[in-house]
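These come from Swiss-Prot:
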BINDING   Gly14, Pro15, Ser16, Gly17, Val18, Gly19, Lys20, Ala21  ATP binding site
DOMAIN    7-187  domain 'Guanylate kinase-like'
Amino acid sequence: MKLNKKGLLIILSGPSGVGKATVRKALFEMTNHNFVYSVSATTRKPRPGEQDGKDYHFLTKEEFEKGIENNCFLEWAKFIDHYYGTPKKQIQDFLKQGKEVFLEIEVEGATHLRKKRMPNTVFIFLVPPKKKDLYDRLKKRGTEQEINIVQRIAKANNEFRLAHKYDYIVVNDEVANAADRIIAIIRAEHAKTKRSIRNYLKILEDNVYAE
């Protein structure tokens, strides 16, 4: 019997500099699971090594605002003078295919998604071992002016207070460890009764004594 398995929408969120992209990429390399990354859109400039359509859809302010008007985003937010958003259609297509869809989004965007109460959605809050690690990582990027780093740290202090609203909190002490924890979370989510009961009932329908 072929069992139906719906994909999960996995929201990986946390303060800027916590390592969301690094952990997600490591997770994808560690397993051949049915994972896909939903590429977000932004109006900020690409960082060194980032590719349009792979890391982000890099849009102009006018293009992004037109997308807002046309209801093209599942969620969107403005962060330090730049828009960030999640294109809606690609996520819907992936979930219909039974794929596990990963979103890396800002805390404000995750807050908007929680209010939508979407089914089969798991919210994971990624945190550093120490707050100072955020400053060190942002500084190491070399892409931010000091004033922007200070703004991001101030925003992060407020975002930490929202961690209790997430389904899971994962500490990014080591990238591989954080990725392992997220894989374990996904397996546990699929085993929950509310997601597996229909397939279990289908198994019970089989007559194992049939000749």
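Cβ atoms here come from the backbone N, Cα and C positions, even for glycine.
Highest local Cβ density among the binding-site residues Gly14, Gly19 belongs to Gly14, counted as other Cβ atoms within 10 Å over all protein chains shown.
Ala21 (ATP binding site) falls within a helix when secondary structure is assigned with DSSP. Report note: the ATP site is defined by Gly14, Pro15, Ser16, Gly17, Val18, Gly19, Lys20, Ala21, and the residues of the same chain whose CB lies within 8 Å of the CB centroid of those residues, excluding them, are Leu126, Leu134, Arg137, Asn172.
Sequence-distant contacts of Val18 (ATP binding site), defined as residues of its own chain at least six apart whose C-beta falls under 8 angstroms from its C-beta, comprise Leu126, Val127, Pro128, Leu134, Arg137, Asn172.
Shown in sequence order, Pro128, Leu134, Tyr135, Arg137, Leu138, Arg141, Arg152, Ala156 are the residues of the chain, 6+ apart in sequence, with a C-beta less than 8 angstroms from the C-beta of Gly17 (ATP binding site).
Counting other CB atoms no more than 10 Å from each candidate's CB, the binding-site residues Pro15, Ser16, Lys20, Ala21 peak at Pro15.
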